[in-house]
Ligand SMILES: Cc1cc2nc3c(=O)[nH]c(=O)nc-3n(C[C@H](O)[C@H](O)[C@H](O)COP(=O)(O)O)c2cc1C
Ligand SMILES: C=C(O[C@@H]1CC(C(=O)O)=C[C@@H](OP(=O)(O)O)[C@H]1O)C(=O)O
């Protein structure tokens, strides 16, 4: 399976939702960087399941065990960093019927065909959202290195169903806002919207259904001039890792799809020199990227997260053994909405991508 990413910072994620453990190997990290272990645990806790009514009831500690690559006092050795996260709360019986009656919206059918039924279906196997736990560990390491280069990453739940938070002011994102968002569970910019989002999620859950939404993520402090045209652009790099987060179905940068409805004079970001003589833009519809290259303005992207495929209401499917059309009722513990827990996963994907970008541009 192709669960490896990166040229300079090489990321490999392994395991399945119900295997003994899941984990990650990160190669290419700079030696000598001291990690704050508590900060790593803060990031793991932001994504961990079982701590909120808006999430799956599966309970996992998600405490990483470092196998190699970090000294006992938390300093990166420069050798590949490998961490394991043990699985402890598997209910594999819930998946007994799903191999031959694939869930609409999940990877069951496509994987059954590709792997001739040999794929581990329990808890979504290697396709599970649980595989974002090792990604968050990797991101937690990368973002500590990035912060020493003045680069901050933070995201928030922009929408859940019809409930909408406000967007970042893309031309001017306060470091303090990103610092606080990036330590929260279910981060939002406009605090009172969280309650409405939770209400929408609960309503969907009670209707035996699920909800999707959008995550908005920003990166500040990026050096200007990193990235390449055409296939080597910063959008290309970030998108390729962001689509590694299960359930992400779309990404846009800056004004994104709204740019298609603007006039040129509205969409262009005028340049000016700030008081310190730095070139800035008054607006940031470009989302910090022009021609695939960083402009020095905040990098902003939004990712569309689909509604959780495993829902409790009866659905139509097929029986791959008998060749019949059948009804399916899914058992088990599923996120009624993935979006809040996808925020740290998407920030982490961005952190790994930005560290790769620095490495590719000789800035590490
Ligand atoms: C944090 C997170 C949690 C998820 N939780 C669930 C879940 O409880 N049930 C489920 O069916 N899908 C869940 N998913 C989504 C599936 O893993 C995903 O839809 C599936 O692997 C198919 O991949 P695709 O949607 O990218 O095509 C979750 C995804 C993430 C990122
Ligand atoms: C365990 C996590 O999420 C899981 C992601 C997931 C899926 O199909 O993606 C299905 C569920 O697995 P299970 O049936 O074993 O409870 C979720 O709980 C996690 O994110 O840590």
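Cβ from N, Cα, C; glycine included.
Whatever TrEMBL says is automated annotation, not expert-curated.
Given the structure is predicted, the values throughout are model-derived calculations rather than measurements.
Noted in TrEMBL for the protein shown:
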{"type": "BINDING", "residues": "47", "note": "NADP(+) binding site"}
{"type": "BINDING", "residues": "126, 127, 128, 291, 306, 307, 308, 309, 310, 333", "note": "FMN binding site"}
- Distance-selected binding-site residues near ligand 2 (C-beta under 6 Å), from 47, 126, 128, 308: 128
- Message: Which one is it: of the binding-site residues 47, 126, 306, which Cβ has the fewest other Cβ atoms within 10 Å in this structure?
- Response: 306
- Query: Including all protein chains shown, what's the count of other C-beta atoms within 10 A of the C-beta of residue 310 (FMN binding site)?
  - Reply: 22
- Note on the structure: Candidates 126, 128, 308, 310 (binding-site residues) with CB under 6 Å from ligand 1, in sequence order, are 128, 308, 310
- Cβ neighbour count (10 Å, all chains) around residue 128 (FMN binding site) is 22
- Note on the structure: residue 308 (FMN binding site) to residue 47 (NADP(+) binding site), Cα to Cα, whole Å, comes out at 16
- Query: Closest of the binding-site residues to the residue listed as 'NADP(+) binding site', Cα to Cα, picking from 126, 128, 306, 310?
  - Reply: 128
- Query: Including all protein chains shown, what's the count of other C-beta atoms within 10 A of the C-beta of residue 308 (FMN binding site)?
  - Reply: 23
